[in-house]
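Enquirer: So that we are looking at the same thing, I have put the structure below in structure tokens.
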């Protein structure tokens, strides 16, 4: 098993752990982004309202599709990212330049977006299904939601929001570019100070900082993508959606749910980077041990 596949598996595993831990924040930010009314509810008030109407499980509507989505997204992203990164890291080169980080991120992000968009359409549809109901409404499962989208929109329904989703490829580009440059800087600093290699805590902090920067810069398009994926028909295009939201809801309309999204994104990225690295190292060590055991066994035989 080559390193690209191990990175993909580690990314998928780390992503599932991070998403499971932070999903209620994903749910809250998705609903806030889709709402067209101007409401000034805190995260605490939004949680209380959902608990009252839908119970504790209401905060986990769409979790199954989200876990599948994050596993596919991270697995595909890490595979293409590490494969593209390997092309640049030849001749003993240790780190990527800013331009190389951007190109690598664009390649990985574009491939990931096209492959995973249908899963995120399902997740968004599940998250907003009961949003406007004043009474308890039966939640739709993954397959039920898929059937609902097919019936209402056809196959093209699974690619709603693909435009802003492709624009949002710059989010991980910014994230991983910032991460790589911070990692290179900190590695060089540690080497100069003779303090050893980076720790899991270092990766946790670097992951949090890089995601904070990326999400802050790209959030308006996250709002547009969420509304299009939820099935909003009033917008003709991504640019029309931006203009309409600005006209009808003001600048704050483009930043609805940003508080919970920032908290979720930062925690998810921090957990992901820490666990992805740990899973990769453990898998690599286990495979090395297995190979060594097989060699010893062959020699014995």
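A Cβ is built for glycine as well, from the same backbone N, Cα and C atoms used for every other residue.
TrEMBL does not curate its annotations; it predicts them automatically.
These came from TrEMBL, pasted as-is:
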REPEAT    2-87  repeat 'Solcar'
REPEAT    96-185  repeat 'Solcar'
REPEAT    198-282  repeat 'Solcar'
TRANSMEM  57-80  transmembrane segment
TRANSMEM  101-121  transmembrane segment
TRANSMEM  158-179  transmembrane segment
TRANSMEM  200-222  transmembrane segment
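Distances, neighbours, how buried they are, the whole picture for these features please.
Expert: Here the repeat 'Solcar' (96-185) has, by DSSP, the following mix of helix, strand and coil residues: 70 helix, 0 strand, 20 coil.
DSSP states for the repeat 'Solcar' (198-282), grouped as helix (H, G, I), strand (E, B) and coil, give 72 helix, 0 strand, 13 coil.
Outside the transmembrane segment (57-80), and at least 6 residues removed from its termini, the chain residues within Cβ reach (under 8 Å) are 4-5, 7-16, 18-20, 23-24, 26-28, 30, 47, 50-51, 107-109, 111-112, 115-116, 119-120, 122-127, 129-130, 139, 141-142, 145, 172, 272, 276.
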Enquirer: For the repeat 'Solcar' (198-282), report the average pLDDT of the model, please.
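Expert: That stretch averages a pLDDT of 83.
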